[in-house]
Amino acid sequence: MTYLTDKPKASITLSTLNKFKASGEKFSCLTCYDASFAHLMAIANIDAILVGDSVGMVVQGRESTLPVTVDDMVYHTKNVANANQHALILTDLPFMSYATIHDAIASSRAVMQAGANVVKIEGDGELADIVRVLTKNGVPTCVHLGLTPQSVNVLGGYKVQGKTQEQADKLLKDCEILVDAGASMILLECVPAWLARQVTQTFAVPVIGIGAGVDCDGQVLVMHDMLGVYTRKPAKFVKDFLKDDANKTGDILGAFITYHQAVKNRHFPSVEHAF
Ligand code: KIV
């Protein structure tokens, strides 16, 4: 099968996102797990695609992201990469696949060879050694802080993080340690908007937010959520772009285009989506 657009393959790189940050241009990111949706995202100019381990919940029907394997991530990354013609591809390393440096190297090799441009790992400053080794070996890392779904059993549920000054100070310190270790991007999930603003203003690397307010450099949503395909109650930060008034065609491509433009024009997220 050939894909239709005349766009060059994968025109967005990390340098593009760095330039967006420097110039104040926001960037859009959506999760994606297969070629057909990756193709539509290219037409909609979505800047970054996250092959998220949310695949476990929205595609595989699991209760959490914990059952997802490296093989799953390789499979879905290949599907997306085959059709990608525009976006930077970030792929999650799944639960316990980067518990040691040896595992982190093996898992990163697998997803990078499948087509990822960046690997995303969840945690805190303790990830510094892994970030350092991966960076040295040509693997850019996106560090995911705040609500880290792989630690749902430690956190005791999917709750907003960083609400106390002590937690906020720790998150800022963790970001500093990880950026110093070489992290190329930060993803903040479910943290207060003021804390996300501070992280975004403090660090030179692009910061992606989900439930992290309006001020992050980029925004990500789980694709199924922004298409209104819910299997559980949607979180406060979710918006259904299929039904959005600005989606003139009312179809899936229209939803992707509407989301991309809403992020670029700073219409999404709004205060009602923030904590
Ligand atoms: O796996 C995923 O979809 C994610 C997002 C929630 C950011 O990590």
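For all residues, glycine too, the Cβ spot is worked out from N, Cα and C.
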Among Lys26, Lys78, Lys120, which residue does TrEMBL name as a further 3-methyl-2-oxobutanoate binder in the site formed by Asp53, Ser54, Asp92?
Lys120
Would you list, in sequence order, the residues of this chain other than Asp53, Asp92, Glu122 that have their CB within 8 A of the centroid of the site's CB atoms, where the site is the one recorded for Mg(2+)?
Gly52, Ser54, Thr65, Val68, Leu93, Pro94, Phe95, Lys120, Ile121, His144, Pro149, Gln150
Given the recorded positions Asp92, Glu122, Glu189, which one's Cα is the least distant from that of Ser54 (3-methyl-2-oxobutanoate binding site)?
Asp92
Around ligand 1, within a Cβ distance of under 6 Å, which of the binding-site residues Asp53, Ser54, Asp92, Glu122 show up?
Asp53, Ser54, Asp92
Consider the binding-site residues Asp53, Asp92, Lys120, Glu122 and say which one has the Cα lying nearest the Cα of Glu189 (active site, proton acceptor).
Glu122
